[in-house]
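Undergrad: The structure's right below; bear with me while I get my questions together.
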Amino acid sequence: MAIRNIRVMGDRVLEKNCRPVEEMTPRLEELIRDMLDTMYDKMGVGLAAPQVGILKRIVVIDVEDGHGPYVLINPQILETSGEQTGEEGCLSLPGKYGQVTRPNYVKAQAQGMDMKPFILEGEGLLARAICHECDHLDGKMFVSLVEGELRDAGSDYEEEE
Ligand code: ZN
């Protein structure tokens, strides 16, 4: 088990376009295992490779729907529909949340650890997570989509003037 260091907003690696994965290697398998360990350790629902400093098109997602974790290599969103507005956060911006509108349904194609293509359909939180993590692969942070103010987590937060 290896927990990797999560890059935080302001780190230029989070603003870059990630490269497609062409073949699975032992190194990438280790990266994916570490990404899962890191996501669970930080209690996130998703993590993208650039968040641990690797510019590859890989994301992991676990929304505790009983089917995860999902490992998406070279994911592409094929279809979206509907709309949902809700709180969103990111492990690269710890402690901050904001309202973001996303599609309520997403159909994506990706490759798994075995590099075989598969289709993943998701609604609600899974749809939100797929969109959020795919954005990371194009160097986009959710803050650009936040409606209104970013808020701090926790009611015990004391404002300093
Ligand atoms: Zn994120």
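Counting begins at 1 with the first residue displayed.
For all residues, glycine too, the Cβ spot is worked out from N, Cα and C.
According to TrEMBL:
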BINDING   Cys90, His132, His136  Fe cation binding site
ACT_SITE  Glu133  active site
Undergrad: Taking only same-chain residues 6+ apart in sequence, whose CB is under 8 Å from that of His132 (Fe cation binding site), what do you get?
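TA: In sequence order, the residues whose Cβ lies under 8 Å from that of His132 (Fe cation binding site) (at least 6 apart) are Gly46, Glu88, Cys90, Arg102, Phe142.
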Undergrad: When a 10 Å sphere is centred on the Cβ of Cys90 (Fe cation binding site), how many other Cβ atoms does it contain?
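TA: Other Cβ atoms within 10 Å of Cys90 (Fe cation binding site): 25.
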Undergrad: Taking every protein chain in this structure into account, which of the recorded positions Glu133, His136 has the most other Cβ atoms within 10 Å of its Cβ?
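TA: Counting every other Cβ within 10 Å of each candidate, the maximum falls on Glu133.
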